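Feature list (source: Swiss-Prot):
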type: SIGNAL; residues: 1-25; note: signal peptide
type: REPEAT; residues: 29-62; note: repeat 'TPR 1'
type: DISULFID; residues: 56-64; note: disulfide bond
type: REPEAT; residues: 67-98; note: repeat 'TPR 2'
type: DISULFID; residues: 92-100; note: disulfide bond
type: REPEAT; residues: 100-133; note: repeat 'TPR 3'
type: DISULFID; residues: 128-136; note: disulfide bond
type: REPEAT; residues: 134-169; note: repeat 'TPR 4'
type: DISULFID; residues: 164-172; note: disulfide bond
type: REPEAT; residues: 170-202; note: repeat 'TPR 5'
type: DISULFID; residues: 196-204; note: disulfide bond
type: DISULFID; residues: 232-240; note: disulfide bond
């Protein structure tokens, strides 16, 4: 009799599990991207690809971008720049700023497509409009040097500033450099300080130089040395050289 009860209970539990499995929702597009990232961390590129493909089909731009990166780098698939462009394009069309920037890189470098700096600048522009910080920095550089777009220093600075506000340290450094050239040292210090806070050793080194030379601030050798040390620890050769010149060990 007891055996029958156990069998009955086991049967009910199995049915319950089946019911629960049936009620569980399929992962949505963003969840699929997260699952794909977890698979990448485990080096399971086949499973990651499956998750990203599904996410891309569900119009999650970031999933398309990951697929593009797989094809560009040959991770879990054969290297195929044409497919990379296809998926980056879809990601960009779905308003993923990262995808627009990576697509811009391929056009700028002529990888899988004819080299086209003008078209690259258009993709960088969309990337920046979508608040992708690195897209703003690269677009700023194109305006700074007049590559693929007319030279416009004011626009370049505005783009560097936007990138810096979005916490891209190269944007902060480039803005600081432009302020330094214009002898607006106080503004340069603000940008270099932010780059240093973002743990970019180049920003720390530049800030140290200004503190040591009393540019836009009172001379502060002690703080300058601290910033040279931060720069040197980040493998900035100039910062290490400055410490050697001052006969200070790291």
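Heads up, the Cβ atoms here are built off N, Cα and C, so glycines get one too.
The structure, with features from Swiss-Prot marked on it.
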residue: 56; record: disulfide bond; DSSP class: helix
residue: 64; record: disulfide bond; DSSP class: helix
residue: 92; record: disulfide bond; DSSP class: helix
residue: 100; record: disulfide bond; DSSP class: helix
residue: 128; record: disulfide bond; DSSP class: helix
residue: 136; record: disulfide bond; DSSP class: helix
residue: 196; record: disulfide bond; DSSP class: helix
residue: 204; record: disulfide bond; DSSP class: helix
residue: 232; record: disulfide bond; DSSP class: helix
residue: 240; record: disulfide bond; DSSP class: helix
Residues that sit under 8 angstroms from residue 172 (disulfide bond) by C-beta distance, when 6+ apart in the chain: 160, 163, 164, 191, 192, 194, 195, 198, 200, 203
Confidence summary for the repeat 'TPR 1' (29-62), mean pLDDT rounded: 96
Pairwise CA distance, residue 100 (disulfide bond) versus residue 240 (disulfide bond), rounded so that it is a whole Å: 37
Residue with minimal Cβ packing [other Cβ atoms within 10 Å] among the disulfide-bonded residues 64, 196: 196
Spatial neighbour of residue 232 (disulfide bond) that is closest, considering only the disulfide-bonded residues 56, 64, 128, 136, 204 and their CA atoms: 204
Cβ neighbour count (within 10 Å, all chains shown) around residue 232 (disulfide bond): 23
Cβ-Cβ neighbours of residue 92 (disulfide bond) (radius 10 Å): 25
